[in-house]
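TrEMBL has this to say about the protein:
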- 37-55: transmembrane segment (TRANSMEM)
- 91-110: transmembrane segment (TRANSMEM)
- 116-135: transmembrane segment (TRANSMEM)
- 147-166: transmembrane segment (TRANSMEM)
- 172-196: transmembrane segment (TRANSMEM)
- 217-244: transmembrane segment (TRANSMEM)
- 281-302: transmembrane segment (TRANSMEM)
Amino acid sequence: MSLSVFLELVEIKAKTASVFPFLLGTLYAWYHYHTLHIPELLVFFVAMLLFNMSVDANDNYQDYRRSERTEALHFREKTNIIGVHHLNPSMIGWMVVAMMVSSAVLGLWIVSRTGWPLLVMGLFSFAVGYGYAGGPRPISATPYGEFFSGFTMGFVIFLIAVYVNVFNVADFSWSLILSVYLASGLAQCAISDLLLANNIADREEDETLKRRTIVHYLGLERSIIFFYSLYIVGFLMLIAAVLLGLLPKLTLLTLITVPFVIKNARGFAANPVKKLTFPNAIKNLFVTTLAQVVFLALGVFLNI
């Protein structure tokens, strides 16, 4: 397997969905508590990437396996990366296990250095990660995929990045959890919208594979409305977080991305095709979360 095929298998282009929440959580911790624990933070970053890659690789692996039990021959040979590149499914399965185990070992080391809240968050993340593609009814094939992807990657990663830096100076309280939830709102919604756009674009293929995503229940028109609504909610949560003092005022400059987001969202909504317009949702996720990272960082270091 070449490096380019491996990176495609683990969907490396989508890793902004985990890297930017990690950076946002780190900046949030410094803004409020002026403390960082670099060893634990770096190990968490590696564990997070390994686990995220294992989840995406497992998603491709499980889709390939399920297609073997259906008549979805075209999907298996023309769309799924394992079939397209004639990869060994057994090797992919063991690679997924190796990445998950490595991530778990690193996670347990961080737990030993921090405390039980990280264990709880880690177990939840592993349960969602496995359930996303594995089991008799994967989360990705249900109406709950958007919620779990946004909540886990946009919020939980953000929260863990905060916790590993402040575990010895701040209580793991509902106040902390709710504050982080609001501060991470834009990332959550943009990540959920990425999966929603994917499901909208894949709606016909998903019907063939018996996936009952939220698009199956809402229909195309209402799914598009939901697609727009998530962006609106995300930006409103960002504004609320700044007004409540959870994020520095300079973070409001993230709103300069709104015209870009609207343009891309309209382009996708007008012609929701995977190869043509789905990249619009990827660009929106990248631009909004990058802008929030940049302006949050400036706000933190300029104290504005």
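Including glycine, each Cβ sits where the backbone N, Cα and C put it.
As a quick check, the transmembrane segment (147-166) and the transmembrane segment (217-244) miss the bar of 3 or more Cβ pairs under 8 A, pairs 6 or more apart, so the two do not touch. With a threshold of 8 Å between CB atoms, the same-chain residues lying at least 6 positions outside the transmembrane segment (217-244) that come near it are 143, 146, 182-183, 185-190, 192-193, 196-197, 199-200, 203, 251-252, 254-255, 258, 261, 265, 268-269, 272, 284, 288, 292.
Against the transmembrane segment (37-55), stretch 91-110 shows more Cβ pairs under 8 Å than any other of 91-110, 116-135, 172-196, 281-302. Counting residues 6+ beyond its ends, the transmembrane segment (172-196) has Cβ neighbours under 8 Å at 14, 17, 20-21, 24-25, 28, 115, 117, 140, 145-147, 149-151, 153-155, 158-159, 162-163, 214-215, 223, 226-227, 230-231, 233-238, 240-241, 244, 246-247, 254, 281-282, 284-285, 288-289, 292 in the same chain. Cβ atoms under 8 Å from those of the transmembrane segment (281-302) belong to residues 13-14, 16-17, 20-21, 23-24, 27-28, 30-31, 186-187, 190-191, 193-194, 196-198, 231, 234, 238, 247-254, 256-257, 260-261, 264-265, 268 of the same chain, restricted to positions at least 6 beyond its ends.
Under 8 Å from some Cβ of the transmembrane segment (91-110) lie the Cβ atoms of residues 1, 9, 40, 43-44, 46-48, 50-51, 53-54, 57-58, 60-61, 82, 118, 122, 126, 129-130, 164, all in the same chain and six or more residues away from its ends.
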